[in-house]
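> Before we start, here is the structure in question, set down as structure tokens.
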Amino acid sequence: MISLHISFSSRSINAYQSVIIGSFLSFGKQVFMFMKKLINPKQIIDQVYSRHGAFRLYLVAFVLSVISCLSLGILQLFSVFSGPFEDILGYSQPVINRIIICQTAGLSLFTPLCGYIADAKGIWILCMMALGGYLVGFNIVLEVVRYQLDHRLMYLAFLILGCSHSSLLFSSLLNSAKAFGKYYKTLSISTPNMMVAFSSFLQIHILGYMFKNTQHPTENFIGILNFFFYSLLFSTVISLIACILTDLVVSREEEEGVSEEEEQFSNFAASPLLTGAGAVIHSPTGSIIGSPRSWYVTEQPPILSLDDEISMLSSETSEHLTAADIYRSDLSYSTKIGLFFRDYLMYPLICCCLMSIGATEFFVANIGSIIKSLKNSDLEGPLQVFSITATLTRFLIMTLTDYICTKFSISRLTIFLSMVVACGLSHFYLSLVPVANIHFDVIVVFNSILNSAVFTLFPAILASIYGLDILGTTWGLFSFAAIIGNLFFNLLFSFDFSTNCTQISTQAIHICSSLTFFTGGCILVSLGVLLFCLKHRYIKRAPEFF
């Protein structure tokens, strides 16, 4: 009797629990459906679109993409990690250098894949990749710091973080261009790069204010890692929202365009003056004038499937397409990329890009050695000049380029090539002028201007020539190719320095590494002049003046 009562009680309890759980799930489902009806993103976007148009929605997406760049100052703040790596984890300088190389490899080598994914599959996928990469990478770093694990895990972690940084930066840049590029091309592309530079300034002050616990360095470093981790996660989510918003507005515009075309076609077909016009299209030969045969078709023409029509169209047009057709909306992604690679005018551009990045980044990386060869010990002054000039240049390009190009009909390509030639002449100046007469700050300014212009103005030039649809792939390939220029100038400088600067006399008149700067000057000036001669071909190809 007791056992029966216990079993009955347990059954009643289980039944009661199942009823509660079922009621809770039912209530939760109702709440979810109510919230879904109340907060329907597509419905909200349709209402805003019908009331204010696409511009304001694109503006919101652009602002969100720019905000998502505010955590990417970490790209320029590796020194925040190098100190704790040496003091807390006991890493040697070669180990720290390998960690830097792994992060740089992730940043640089991953860019072509990021561009392909963004153009062919969708920009939002980059946000998801960045989100997963940050979750994995930072957790590996935190585990290594907490439990003193093998330092080779740091190589893997920073390789993943480099890929994640590249994914987030590309998603912000490309979504800004996609959302706002049709209105202000240079502004939309250069603003994310400007915000990255501002982010490093902002984050270094936040770190200095919030993390001052010198008594517990390990906890302090873990706090810094968590700060970067959560800020990057937040930025990635913001970028994802911006990408989804842009895609929804684009699809809304496409739906509106299709509905307008269908309405026009229905009006055309309903016209009494055009009734039966379709029957004359396939009338038999000889039925036009003086023929006893009927005007109406008695035999139906063969009906082709959509796949057959597309294949016939592609086979007919692929042989006759040129790079000028790359703007056509009916062409597939693979066709546009094929036209891009077959374009002979692309190769002088990519050479100019990789040599400009290589020459300026080599200059910044080796500025300490260059100053020593000039018998000058002040390193802080030139670095401040470079930083201030870079920030000012990015801001001016961001705000004034679109206005100048429209108001005074000065091409963006002309502005960029002027900077290339000016930087090349500054390298000539450094290699030929006696050391006593060199104004080194002038050389620093020209290198800083060109370095900033490559990353803010050059993507806008690519978008104007090859279109926004494949900007991810084109800029990804161009920025990846810059590794070649960087490697070339660093190898040349290493050879030049070891050959001419180790046994140089203190009475030397010219800089000891004059071969490197003379070569760099020749290359930059030659490429600048060549592209000046080809400038009108690029401008003529684009659908509008750029």
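Cβ atoms are placed via backbone N, Cα and C, with glycine included.
For 15-34, 55-75, 95-116, 123-142, 154-174, 186-207, 227-250, 383-401, 413-430, 442-468, 475-495, 507-534 (among others), the entry in TrEMBL reads transmembrane segment.
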> Is the count of Cβ pairs under 8 Å between the transmembrane segment (123-142) and the transmembrane segment (507-534), pairs 6 or more apart in sequence, 3 or more?
no
> Given a Cβ distance threshold of under 8 angstroms, which distant residues of the chain, six or more beyond its ends, lie next to the transmembrane segment (442-468)?
173, 177-178, 181-182, 185-186, 189-190, 193-194, 326-327, 336, 340, 349, 353, 356-357, 359-361, 363-364, 367, 382, 385-387, 389-390, 393-394, 397-398, 401, 412-413, 415-416, 419-420, 422-423, 425-427, 429-430, 474-475, 478, 538, 541-542, 544, 546
> What stretch in 55-75, 154-174, 383-401 has the biggest tally of Cβ pairs under 8 Å against the transmembrane segment (186-207)?
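The stretch with the most close Cβ contacts to the transmembrane segment (186-207) is 55-75.
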> What residues elsewhere in the chain lie close to the transmembrane segment (507-534), defined as a C-beta under 8 angstroms and at least 6 residues from its ends?
345, 348-349, 351-352, 355-356, 359, 370, 373-374, 413-414, 417-418, 420-421, 423-428, 430-435, 438, 489, 492-493, 496-497, 500-501
> Using a Cβ distance cut-off of under 8 Å, indicate which of 154-174, 227-250, 383-401, 413-430, 475-495 has the most pairs with the transmembrane segment (55-75).
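Ranking 154-174, 227-250, 383-401, 413-430, 475-495 by Cβ pairs under 8 Å to the transmembrane segment (55-75) puts 227-250 first.
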> Where else in the chain does the transmembrane segment (154-174) make close Cβ contacts, counting only residues six or more beyond its ends and a cut-off under 8 Å?
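Long-range Cβ neighbours of the transmembrane segment (154-174): 65-66, 68-69, 72, 74-75, 85, 91, 95, 98-100, 102-108, 110-111, 114-115, 118, 123-124, 126-127, 129-130, 132-134, 136-138, 140-141, 144, 189, 192-193, 196, 232, 235-236, 239-240, 242-243, 459, 471-472, 475-476.
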